[in-house]
């Protein structure tokens, strides 16, 4: 998980205060504070969220400064915790998705994150409403044209170094670089400018799961005070900014936010993860024109040489014709070569077996094979993806797939089909019950009607490489 990021950082002696004691507000006090926070959020006109590692611990990502934090354990010479699942399979938690809902109904105006796990972007926070101050372990950017690429694999470098890939934007082709800062790197101007602007406008800055130690980021919430804004801190440890806050809550962030959403009568949306792959079929006639020599390749949507971290193996079968031999492709590159009769049309079965961390074992794709290539088609990707998510939510399971693009490459005589696959779904209603949020019997917050009272703003879709 974040262990790899910590190991990539340059060594420095002083990483700040670590091994910080955790504090828990008594149940009654905690409930009263949650009620106060719900009132403040309901009244807010410009809410900004400022997040740290504490909102991702429930996602299986260890923090840095807590009793079992990475830097705490390193200081004490203890073994680092074992990751519960691969970093690239980490899913947004309850708090991430609550922020998504608050943004959708136009309560939350902006998110500032110190995390490099990329979970805010994956959760659905629009890129234009997000500052990732310390970068994103899954993001590459082009220093020439500014195009950003969100990957499904962890970028191999940190420190704003060149990676092994090039920009695919038309008339560019420059070398890409990672976006994660090392200790001595300056905060990116775009991210910092937006963060400063929104903190200055904020009437409420909600600090979630952060010890507020790393400068200059930790001073951003203070900018709201100059315009009469307020700061709320939700964290298990005390912070240097507690005295500046109007409200300090010592409790698990997920529990606090779940209680707030309950009081606001707002539902936390489920998270549906969709991953992408390309299936490429290249065809060529034999010399005597009686056969078709063809190659099937399953590749990443980020380039044929990019890793496919969510795929364990690929099984190829021919359900309509026992004449053709099935095959199991157990490692990348997932490639199969065959020769078949030119006049025969048949179906290819492609079973994609998933890696650990996916919500189901596999998905099956059926591909009709004909001598002639399919014609290019227009696909409404947004519509298809929305339908795919809705079906996954309705079915309460993953494994659904759909074609979202297809084109022919005349130079290589290949047909490229882009597939979207639901690989995880999380329903946070059950998570809220596990947190044992007790009812607010004496609550002072008037529950508002479901988001019918909120204005949902229009927005540009966030571009994710597929």
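The chain as shown is numbered from 1 upward.
Each Cβ is built from the backbone N, Cα and C atoms, and glycine gets one as well.
The domain 'Deacetylase sirtuin-type' annotation in TrEMBL covers 27-267.
Sequence-distant neighbours of residue 134 (active site, proton acceptor) (same chain, six or more apart, CB under 8 Å from its CB) are 114, 115, 116, 180, 181, 187, 217, listed in sequence order. Positions annotated as active site, proton acceptor by TrEMBL: 134.
Residues or ranges marked as Zn(2+) binding site in TrEMBL: 142, 145, 167, 172. Counting only same-chain residues at least 6 apart in sequence, those with a Cβ under 8 Å from the Cβ of residue 167 (Zn(2+) binding site) are 142, 144, 145, 147, 173, 174, 175, 176.
Within 8 Å of the Cβ centroid of the Zn(2+) site, not counting the listed residues 142, 145, 167, 172, the chain contributes 143, 144, 146, 147, 168, 169, 173, 174, 176. The least crowded of the binding-site residues 142, 172, judged by other CB atoms within 10 A of its own CB, is 172.
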